[in-house]
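Presented below is the structure to which this report refers.
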Amino acid sequence: SEYDTLGTSVKAALVYLGTALVKLVCLATFLQVSENDGFDPYQELLKALIGFIDVAGLYFALTQLTHRNISQNHKFQAVGLGWAFADSVLHRLAPLWVGARGLEFTWDYILQGLEANANLVLSISLAALGSLIWLRKNKPKTLIPIIYACAGIVATMPSITRSVLTCHNIYPQFNPSRGHP
């Protein structure tokens with residue numbers, strides 16, 4: 001209670017909701033709906049650039065929000081936790097609620113839970129990288145390019161995984177679940 005981590009988490013969740021709205025408007029405005037499931041590098045690059053809106057939202061949450069009596073170590077943890085909680089509520093609450101009320105069990109809900117846990121780790125690691133980039137004054141000079149490269153990879157991770165899955169579906173001969181080498 002002396003660190004006000006709950007207030008910081010709530011503020012980070014509100015910032016996430018704002019960035020999700022901005023991302024939704026950008027995705028609806030700039031992306032085209034394709035008829036086929038082919039891989040379009042321009043569209044994937046645009047999705048990756050829109051993914052950097054999350055980085056801008058985390059920058060705002062870490063540096064511009066007023067945080068009362070909170071240390072740097074607790075700040076990135078509280079912001080990452082609030083960010084991941086808002087993401088889970090926004091993307092997974094309705095499907096889980098509707099699926100849990102059904103009579104039939106599927107493994108999709110277990111996979112959604114595992115995905116939510118992986119997203120929690122991803123959000124906290126992005127907040128930790130943001131804390132290293134924007135909040136620390138005494139960064140080692142040799143680690144700065146590595147930190148920025150990791151932040152770029154983490155920010156574009158949804159596009160990278162979507163691209164890999166799309167290419168995996170296009171070339172089924174490389175699909176290990178089908179028994180092919």
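Cβ from N, Cα, C; glycine included.
The transmembrane segment annotation in TrEMBL covers 12-33, 45-66, 78-98, 118-135, 142-160.
With a cut-off of 8 Å on Cβ pairs spaced 6 or more residues apart, the transmembrane segment (118-135) and the transmembrane segment (12-33) reach fewer than 3 such pairs and are scored as not touching.
The transmembrane segment (12-33) shares more Cβ pairs under 8 Å with 45-66 than with any other stretch in the list 45-66, 78-98, 142-160. Nonlocal intrachain contacts for the transmembrane segment (142-160), taken as residues 6+ away from its ends with a CB within less than 8 angstroms of a stretch CB, comprise 44, 47-48, 51-52, 54-55, 122, 125-126, 129-130, 132-133.
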